[in-house]
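The transmembrane segment annotation in TrEMBL covers 46-70, 82-109, 168-188, 208-232, 281-304, 319-339. As annotated by TrEMBL, domain 'G-protein coupled receptors family 1 profile' applies to 64-296.
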Amino acid sequence: MFTSTIAPLVLGVLLDNDTLTPMMFTTESSPVSSEVLDYVKRVKSIYQWLIPLMIIILLMAILGNGLIVLSSPWLSSPISPYLKLCVSLAAADMWAATLLISGLVVNSYLPVVFGYKKTSLCWDALLEMFRISGMLTSDMHLFALAINQFLGTMYPLKYKIMVTTRRLRYIVFCLWFVPLMFVFGWFVAKEDDGLRHENCSFTFYNRFPFRITIFLIFMLPLISTLIIYGCILAKLLKAKVEFETYCTDKEKRLVMNTGVKQPATRSYSTRSTNVYSKLKLVWTTLLIVSTFSLSWGLCVLYFVMVCADGCMLIYRKNIGLYMSLFLNSTVNILVSRCLI
């Protein structure tokens, strides 16, 4: 998601045309080495095929999630809170994929491949603001799904009282609105920075305080989600063992008393089926969460570790241009695959 904010800006300035020479980058006003020039040319050749490939993958994500959202009006009533949250999550993923495509085109493809020069960074700032909030929105949706399944598993009799339609609508609204307002606050917090800068130059974005904040806000709900699903799995697996043990013991007693093998009682059979269906649902959701954690987690980890000021690794100081390109491309591909 976080397309490199240093490389595209450098490339946008350097890639006017194909007649660039090393002498053009050795002046006092713009000291750029031949290494950077070579990097620019290589990146241009890579971006010509890599970005269209990523856009195709993201379009598949938009199509798949769009079908889920468009088919939601035909869901049979009553629609469970879990399905409503899933539809909202699909909409969030579709929105994130759309923003990713916009970012790849505006921040990478146009300036690098076509040499488009930007006179203002306002569009870049808005795109980045919506993209970060979109990532947090998807993260919070998974956290909400985990809490919903936790309440349904641990408190089945009180579930309908706790999770009402009105509360669910309020929660979904907050899942979309709160992350956007939080990120927007960063972009307008300081004078001469972010959206309050004349050219919308968001220098805070490349500094450690902002990046560690986003990292913590992303990781805490994600870790909590994994812990919650661990508790749900432990509960369901314990119930599964109890049902199987009960049915086995009862069957043995019936065989000993009557000599005829009989099935378990209907009530316990129904409860056992309920446990098995919940287990399948939890395993499916865990697969989604694991994929999300792998892709977005690596993305955010790279985001907090590598920046221009204050991070563990500094652009062009602790990490080279080619390694930065490789890591950025790998992370973006993982995120694109996650959204499908």
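Using N, Cα and C of the backbone, Cβ positions are placed for all residues, glycine too.
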Ranked first among 46-70, 168-188, 208-232, 281-304 for CB pairs under 8 angstroms with the transmembrane segment (82-109): 46-70
Mean predicted confidence [pLDDT] for the domain 'G-protein coupled receptors family 1 profile' (64-296): 85
